[in-house]
Amino acid sequence: MKRSMYAGRVREEHIGTTITLKGWVSRRRDLGGLIFIDLRDREGVMQLVINPEEVSSDVMATAERLRSEYVIEVEGFVEARQQANDKLATGMVELKVSALTILNTAKTTPFEIKDDVEVSDDTRLRYRYLDLRRPEMLENFKLRAKVTHSIRNYLDDLEFIDVETPMLTKSTPEGARDYLVPSRVSQGHFYALPQSPQITKQLLMNAGFDRYYQIVKCFRDEDLRGDRQPEFTQVDLETSFLSEQEIQDIVEGMIAKVMKETKEIDVTLPFPRMSYDVAMNSYGSDKPDTRFEMLLQDLTVTVKGIDFKVFSEAPAVKAIVVKGNADRYSRKDIDKLTEFAKQFGAKGLAWVKVTDGQLAGPVAKFLTAIETELSSQLKLAENDLVLFVADTLEVANNTLGALRNRIARDLDMIDQSQFNFLWVVDWPMFEWSEEEGRYMSAHHPFTLPTPESAHELEGDLAKVRAIAYDIVLNGYELGGGSLRINQKEMQERMFKALGFTADEANDQFGFLLEAMDYGFPPHGGLAIGLDRFVMLLAEEDNIREVIAFPKNNKASDPMTQAPSLVSENQLEELSLQIESHD
């Protein structure tokens, strides 16, 4: 029989019609001789009623065999329910079954197919095809499909060209670890799976495509966390002849369209802009969450003359004020915050509370001489808690930024209904890597430096600024972009600043440098993490919830057991040997 419609879409207007439905048995109940079945498909659940007085003995016998997750086909008459169920979209109607066929049986599932099921993440991933049957998971992927549909329509309307770039590319430095693919034909050589289509999309601009986009898989072999996976999807854009502002306008329009069509939210345009320095100094993060206050306060000058060397001799002293919540934090609670602070390089955490109009706490006695000035600067009031970090500016910012976010979550200070977008601009071109002992690209080595700072490529690299911009949503980096280098001489200077010899630069990027000899236009672009964007729109805490078949925290798949061993024959074809490092 041909299915008439989805079970979850049957409504009162269908009363009096005969329809055919197909789906899974979500629940079976026997009551007063009647059998009630909740039939589930991707659109929802509908109640079926099987009355032994109105169906054949064969239908009744089949109904009595039904168990959870059996796949069935039913035909019946749509009726109004005697008692409506306002928890279901189909709660005003039910189907009086006249015909029933079991299409497939099912074993008892390892967990119940319902929302808010309590089961380990690895069990969910081991049986991902069952986990994806849960209504909230289905809704996440419907949302994801709507987002990608909206993005494609928007970019198509703006005459962007959708172009597929290679999955087998060249391994290049200056990024995360590559996933490598050995070549059978060129033995001893390897492809890399792309961390992004960065260079190829720039070459498309040199080819005259003018506006490119792609919703593309990318791969990075890095440590995992809640908003990272080894393979991920990004919305990749590149344009020719547009300014930084023009590119941002296009992206803002795209996001506004997605928010309207998927969440029915009108976002205010243009998005706020914040410099990198303001973000770090006021929020302690290059991806600030602006849904709440608790800004970092610089007290370095204020405490300079006090008789407390931890403060007076520190390169930087900064603080955050937890307004009106000092009584929520015991000494034990603050000790936990101190241990948390040490994870970010801080040596400790100093604190005072405002109690009966005065400062109280371990360091209060050292602040007596500046108490009035301090109270005024921090706008202190009764029951405030002040947390101080005295260290380098970088450690103070990073530590207090992390504390700010943790405390806001702990105290439920964040309005979860808000979607606060902003641009972080005016980035440094380089960042110092303690591990590498050198400066590395803050974004990538193809970013265009500002005209005012480009001369420092041969001087103080810390002073070079980039024409780069990150888009941030609620404390998450949604994506980043920049104007790109299109002049060969500038690109060679950039490689040299990063420590490449001329031969090394030519070996790694010679094809790009050669392309710059052939009229490379000014260009720029951006990439947005689609998984992360959908995660935030779905109000989930982990991108695994919006990726159909993700990896676990060990970058493995409990369902397929990937990664797996391969045969000796396969290794021999690739001229590879596995060495043990026990």
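Including glycine, each Cβ sits where the backbone N, Cα and C put it.
Annotated features in Swiss-Prot:
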- Glu174, Arg220, His443, Arg484: L-aspartate binding site (BINDING)
- 198-201: region 'Aspartate' (REGION)
- Arg220, Asp221, Glu222, Gln229, Glu477, Gly529, Leu530, Asp531, Arg532: ATP binding site (BINDING)
Name the secondary structure element type, per DSSP in three states, that contains Arg484 (L-aspartate binding site). strand
Select the closest residue to Arg532 (ATP binding site) from the following binding-site residues, measuring between CA atoms: Arg220, His443, Arg484. Arg220
Given the binding-site residues His443, Arg532, which one has the fewest other C-beta atoms within 10 angstroms of its C-beta? His443
CA pair Leu530 (ATP binding site) / Arg220 (L-aspartate binding site), Å rounded to integer, equals 15
Ten-angstrom check, please: count other Cβ atoms within 10 Å of the Cβ of Glu477 (ATP binding site), all chains counted. 17
Quick one: Cα separation, Arg220 (L-aspartate binding site) versus Glu477 (ATP binding site), in Å? 16
Would you count the other C-beta atoms found within 10 angstroms of the C-beta of Glu222 (ATP binding site) for me? 14
Pairwise CA distances across Arg220, Asp221, Glu222, Gln229, Glu477, Gly529, Leu530, Asp531, Arg532 (listed as binding ATP) top out, in Å, at 19
Kindly report the helix/strand/coil residue split of the region 'Aspartate' (198-201) according to DSSP, in that order. 4 helix, 0 strand, 0 coil
Same-chain residues at least 6 apart in sequence with Cβ under 8 Å of the Cβ of Arg484 (L-aspartate binding site), in sequence order, are Gln202, Phe446, Thr447, Leu448, His523, Gly524, Gly525
Averaged over the region 'Aspartate' (198-201), what pLDDT does the predicted model reach? 97
Can you give me the Cα-Cα distance between Glu222 (ATP binding site) and His443 (L-aspartate binding site) in Å, rounded to a whole number? 16
Would you identify the secondary structure of His443 (L-aspartate binding site) according to DSSP, in three states? coil
By the DSSP assignment reduced to helix, strand and coil, which category contains Arg532 (ATP binding site)? helix
CB contacts for Arg220 (L-aspartate binding site) [other CB atoms within 10 A, all chains]: 20
